[in-house]
């Protein structure tokens, strides 16, 4: 019997990384020199925040996502901490709310003005005081609004409810004290009913966040975990760390049995910490090493061998940290499935890096963009604390889908009434349908093309766009505007032709009805 190779069919086999041009990078950013093993960067569809180096306390920059190019060295900052800022995270349900933690043992939550930071912000919206030592890591709950987790060098994990009138909160709703050393990372499952941690004592713990109960504990002598991820709803955990021989290693665990890992895979002998990133929509895993220039990516399956290596993005610029854009901020027209923001300290540069599925068609690809977690919370803080668990509120990434949904709700009643009328008089069905289409075309208020009246142009929020500062930027803006004008003209011509066709059909139907009535 002859041997035949086994091939896996995968739509993500040829995913490639595309680095942004120099004009689309953020240049001159004084990135922090902290040695903390965090990402130092947080991104949402409106803003990019990065921890910066400064004297006398800690600060971070908040820039518009479209404010690319050279950054003003005197750009206003968020600077209310008395010690170095160690971690920052955007609220997943509010693009204008960001949390930060610091060496001054506090966590602060800030409100960012809609047009960005125009002057230094020093007064937070909320200040959380409960830790006795520096706070190294914060995470928002994935489905409940205004629930924040923090962990510090006092080995405690604290849960905070921000839905309270006090500006300074001193009592967390829950303190979890199972750890005997510094917590290195935290990760939640899809509905936030479980969370996993890695600790400096080499143990991986799986807990219930609301009650604080320890469900499972892994203590593997052949794998020292530094980062952990719960892989969505696949009932598996992934940890990144080092092997017994100090090789960088990833391990896969069964969520229901952490006694022995399902799989261990050695990567290389480098010393930088591995940052894992998981996309539950595409089941893709990305591994970026601190100080590396490359990013490996894999596809995860629920059957052996579980992890399938796809390929590797290579670059000569090493990254200190990585920010990740939420799925709702991706460019679906270019089949972008993931976007990193690389912090390149040696060049004071933040470089966007897009992961793209190569497709010839420019239309929306539904097979690579399933329904994904949106920016609406599934629960209030009180509901979650009372014992309710819910999965995330899903949204479609198809352009105009939300506008169409809102319009369909508004038109639901009128369309049902029209249907009843047409059933009573069948001869008027086609005429009523065409007249409705014609009114929709003339109104244009509830069509997908009505997006052009919202403050968006070429996917950019006009309120957040910065004016061009160089001749190249001006030329680029001009070409974009010309392309927009050309597209709108073509759309207008198509509408005119369609309107004339509908008017002609209405005239023919009226003539046929008048001739039938005369007979």
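Cβ atoms here come from the backbone N, Cα and C positions, even for glycine.
Positions annotated as coiled coil by TrEMBL: 471-512.
Marked as compositional bias 'Basic and acidic residues' by TrEMBL: 442-452.
Feature annotation from TrEMBL assigns domain 'DUF1899' to 5-69.
Annotation source TrEMBL lists region 'Disordered' at 442-461.
Annotation comment: TrEMBL describes 78-112 (among others) as repeat 'WD'. Long-range contacts of the repeat 'WD' (78-112) within its own chain (CB-CB distance under 8 A, at least 6 residues past either end) are made by residues 32, 34, 36, 38-47, 49, 51, 54, 57-62, 120-129, 131-140, 142, 145-146, 148, 150, 152, 160, 162, 326, 373, 375-377.
The average pLDDT for the repeat 'WD' (128-170) in the predicted structure is 95. What TrEMBL lists as repeat 'WD' is 128-170 (among others).
Look at TrEMBL and you will find 176-217 (among others) tagged as repeat 'WD'.
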Using DSSP, how many residues of the repeat 'WD' (128-170) fall into helix, strand and coil, respectively?
0 helix, 22 strand, 21 coil
